[in-house]
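Take a look at the structure below.
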Amino acid sequence: MFNLLQIEWLKVKKYNTFWVISVLFLILIALTNYFIISGIMNAGAKGVSVLGADYSFSSVWNKVSYITKVFSGLLSVIIIILTTNEFQFRTHRQNIIDGWKREQFFHAKWGIVIVLSFIVTLYALLQGVFFGLTGGSSFADICNNFINVLYVFILELNYFGLALTLSLFLKRSGMVIIIFLLYAYIVELLLNQFLSVKLHLTLGYYLPMDSSANLLPVSKVEPMSSMVINSAYSTQVLMFVSICWIAAYYVIGRIKMLKSDL
Amino acid sequence: MQPIISIKNISKSYGPIKALNNVSFDVPEGSVFGVLGPNGSGKTTLLAIIMDVLQADGGSYRWFGGMAPDAARRQIGCLLETPNFYHYMSAYDNLAVSAALKQRGIDDRLRVLGIVGLTERKDSKFQSYSLGMKQRLAIGAALLDNPKVLVLDEPTNGLDPNGIAEIRELIRNLSKQGITIIIASHLLDEIEKVCTHVAILKRGNLLLTGPVNEVLISEDQIEVMGGDLHTLEPTLKAMPGVTRINKIDQVLQLTCSENVTTKQINEYCISKGIVLSHLCLRKKSLETKFMELTNK
């Protein structure tokens, strides 16, 4: 895997688009976190403050992980661009011609998914530590709600894995980005509503992206919302379902990569 | 001697279209092996299958007597269809990726860029290259670290006449060094000048394969003009050794058995009271032979 990632690094390190998009995301995520944790951005009106400034680690981990989730759909565009570039330039063929197995090409892309998921999680972790400590929280409290950082990692693997799988099947960047974002922000919401409101099923919680998104619900940031949002699921089940989806992306993508013409 | 690659009964369909139909042949070590065929005959499909870019519906192939396909591909330099590089990277950086994929060092990049005449543009982005320069870079990448085998699909695409001559010369030189070259092209003149072996495909079927001097038996043709054609044609038809006569305008094109010479034809005609105004030996080109085979 290390050798595969070394080659992927050669491809990425001179790709300005990747760096510009990545830096923009890093800045915007940090700014959003700062605005929410410090209370500059708030919910409520006419003097009513729902959020308020709260630098306790318990609150910081909730907020940082939730904001990272909000950005993750858009962050997945990076995976889509890096994968569909190979099809656009036809370098996926050349990589195989030059000596990679198809499996290695596939694993190299999953390597990027894992590394980016790790980096995003690490970034969330560093932000949490920074905002918590600079806000005056005690280091002894750092473990309060720290589990959210693990949820971020699972969520990133899920979102990025889905983005990779769609890219392997559809191959064209524009089409993949539009379909992915429509699914992430519209289709799954409609499906969820249909399943829960029309059919009275809780299956909507376990849809591909929702299974991870529900690990980091809005109630983590805005506690009052928990009064109107039904939480009829357990985090253990959500984690299990998320991991099942990630495994499904891997299997489906692998079959596609190994069996089809390039 | 063990063949470089042994291809057995490879078939491939695209829906109802049979792109390859039970194609089998061996490529001998050290040969310059031309894969010929008109557009759509299956040349590129065949090369793509042996480079694992396409999946065959049936059949098999063995590189170097059975080496693992990915290990074999790392010892092969290949240009298949189009030059495939990262557009946002320079030629030099792109070659680093190619070298890494082949599990080779990056020290050979300047040498191959020199061979294909791109040293001065080595730091330019691939997307700024002309079609001919992209093709040269692809050939350069194929030459990285002196591969045992070169697989070249239409290598002169996009090149100017000088570039075509340079590639022809390059293929000759590489062949002299013992490198096996498998080359698919529809530029028969180019193939004829460099190939030692050929396989001719038509609509996915292998028409023939073997050494050029065996497969394309030299059937020289003799052009004749003179006197009254109505007299000349039956006279020559009666001559021993003349196997076929084609009439093209006022010229008779004779296909003869090997021992018939122009001198004998001239003497024969004079003995029959016919004075020839034109007598010329024409070597049959690969193109003529190819057209005969593929138009059957």
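Each residue, glycine too, has its Cβ placed from N, Cα and C.
TrEMBL annotations: computationally assigned, not manually curated.
According to TrEMBL:
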type	residues	note
TRANSMEM	A:18-44	transmembrane segment
TRANSMEM	A:64-84	transmembrane segment
TRANSMEM	A:105-126	transmembrane segment
TRANSMEM	A:146-169	transmembrane segment
TRANSMEM	A:176-195	transmembrane segment
TRANSMEM	A:233-252	transmembrane segment
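Within the same chain, the transmembrane segment (A:176-195) packs against the transmembrane segment (A:64-84): three or more Cβ pairs sit under 8 Å, each pair at least 6 residues apart. Sequence-remote contacts of a segment are chain residues at least 6 beyond its ends whose Cβ falls under 8 Å from one of its Cβ atoms, and for the transmembrane segment (A:146-169) they are 57, 61-62, 64-65, 68-69, 72-73, 75-77, 79-80, 83-84, 87, 106, 109-110, 113-114, 116-118, 120-121, 124-125, 128, 176, 179-180, 184, 208-209, 211-213, 215-216, 220, 235, 239, 242-243, 245-246, 249-250, 252-253, 256-257. If you count C-beta pairs under 8 angstroms between the transmembrane segment (A:64-84) and each of A:18-44, A:105-126, A:233-252, the highest count goes to A:18-44.
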